[in-house]
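Student: Provided herewith is a single structure, encoded as structure tokens, for subsequent inquiry.
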Amino acid sequence: MDSRYNSTAGIGDLNQLSAAIPATRVEVSVSCRNLLDRDTFSKSDPICVLYVQGVGNKEWREFGRTEVIDNTLNPDFVRKFILDYFFEERENLRFDLYDVDSKSPNLSKHDFLGQVFCTLGEIVGSQGSRLEKPIVGIPGKKCGTIILTAEELNCCRDAVLMQFCANKLDKKDFFGKSDPFLVFYRSNEDGSFTICHKTEVVKNTLNPVWQAFKISVRALCNGDYDRTIKVEVYDWDRDGSHDFIGEFTTSYRELSRGQSQFNVYEVVNPKKKGKKKKYTNSGTVTLLSFLVETEVSFLDYIKGGTQINFTVAIDFTASNGNPAQPTSLHYMNPYQLNAYGMALKAVGEIVQDYDSDKMFPALGFGAKLPPDGRISHEFALNGNPQNPYCDGIEGVMEAYYRSLKSVQLYGPTNFAPVINHVARYASSVKDGSQYFVLLIVTDGVISDMAQTKESIVNASKLPMSIIIVGVGPAEFDAMVELDGDDVRVSSRGKYAERDIVQFVPFRDYIDRSGNHILSMARLAKDVLAEIPEQFLSYMRARGIKPSPAPPPYTPPTHVLQTQI
């Protein structure tokens, strides 16, 4: 089958575009201080090797090596590591350091100087995107310090405003001229193509002028200026069977020349070219304008010091079942996390990298509290309403397990109190220095729908997002309504200013093979993927610019280098 027809199968539906856009890319620089000295007559000759961990199999694979720097315990490596960055993924990294003793590329032939484990989010989320960590791995020895800095690559935050027109396109309609539109594809590493933009249809003309459109350089070519961009020209048909007119290829570098004779493209239909000797083309497409704009990115705010505050709220209603019974969604299995624990850990372990103090408020709702059995929809899991903060995700898990032993599951399922709890904090910080993420884990049918909608509409004006994970077998129709992807949430005639709710049913992520690590990585990816855009939509709407990052660390330079 002609590969062209495969690639156009989805041209009618471009709603999933955002999922296909690659992450931004960051450049990680490595410096070390006070490395171990393994050489007898001189100082060590260090090299740093980066390993990345696979999500499913947890295997470490070598990603790259710096150069060797001769005779120093304080190297500032020149060669950088360029990594794809996804906010919604936990990207585990390992930096191994060696003292190079020969030209051999085999690392076992060199002296091990120690290693550091971290996540890419940890580096990016540190103040000024600069992380210092002790080097470990040699018992009883002080191995020195590693300094890791992350810098977003400039090409990843550029967007392009482009406009095209066409001349003398083939006539495809029996009773009139064509109704042309353009479809843009970026090429992938494996030679396949991914759709990245579709223009509007211009009706009944062979010489259309399309409206200017804006697209990020990441979406257009993944930041690679020489990567092929394929453009297909179609004649629109009401029944969706659009007629192929022809195609051409270009690249970002060619387009960046702007309007010129280099940017007039012949539209060619390969089938016609193969059959007809006199065939030249099916018309031409001309670039009318090309303007590059640099956009402020999520990482600009993080680097400037914006903190993400994470709060969890857990459903303690009786519909979860008696926690002492294995059938309960709150059952404490000594060998395996329950669904609540898995959801907390999956999302929390990623978000915690962006919160400097790692102290998280943890709330519960729908339970009777000791000693008097009053019903609460906003209680502290640690039992301290004045200070509901828990130390790290592990602290949240401990408080959750402790409270299961002391409270009585009851009802009803009310969300509004915990949403309003976080909104009170968010409403006091509107300068862009903090953003709040509330994770609600629930088993069910919501009881206070009207109040919850009102809370969401009010919260949509504040620096906050809400993630809802539904556990158990219930129907979650009401949650889908709160998600607001299809219809914006409204209350009393007022619509939410922006979409701030993301809902996912936990059952969609239960891995039949029992690989919980992989299924939880997928859960975290899906619930967190929208956060950076929700964050930016708040900052843009309020006209808040990122704070300047602290001045970059500039260590003293060393000149001697050897390649390995």
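The backbone N, Cα and C atoms fix where each Cβ goes, glycine too.
Pulled these from Swiss-Prot:
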| type | residues | note |
| --- | --- | --- |
| DOMAIN | 1-133 | domain 'C2 1' |
| BINDING | ASP39, ASP45, ASP99, ASP101 | Ca(2+) 1 binding site |
| BINDING | ASP101, SER104, LYS109, ASP111 | Ca(2+) 3 binding site |
| DOMAIN | 142-265 | domain 'C2 2' |
| MOD_RES | SER260 | phosphoserine |
| DOMAIN | 309-510 | domain 'VWFA' |
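In terms of burial and nearby residues, how do these features look in this structure?
Tutor: The helix, strand and coil residue counts that DSSP assigns across the domain 'C2 1' (1-133) are 21 helix, 53 strand, 59 coil.
Counting only same-chain residues six or more apart in sequence, the Cβ atoms lying under 8 angstroms from the Cβ of ASP101 (Ca(2+) 1 binding site) belong to ASP45, LYS109, HIS110, ASP111.
Under the three-state DSSP scheme, SER260 (phosphoserine) falls in the coil class.
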Student: Fill in the CA-CA distance, ASP99 (Ca(2+) 1 binding site) to SER260 (phosphoserine), as an integer in Å.
Tutor: 54
Student: Quick one: which residues besides ASP101, SER104, LYS109, ASP111 have a Cβ within 8 Å of the Ca(2+) 3 site's Cβ centroid, in sequence order?
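Tutor: The answer, listed by sequence position, is TYR98, ASP99, VAL100, SER102, ASN106, LEU107, SER108, HIS110.
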Student: Per DSSP, how many helix, strand and coil residues does the domain 'C2 2' (142-265) have?
Tutor: 16 helix, 56 strand, 52 coil
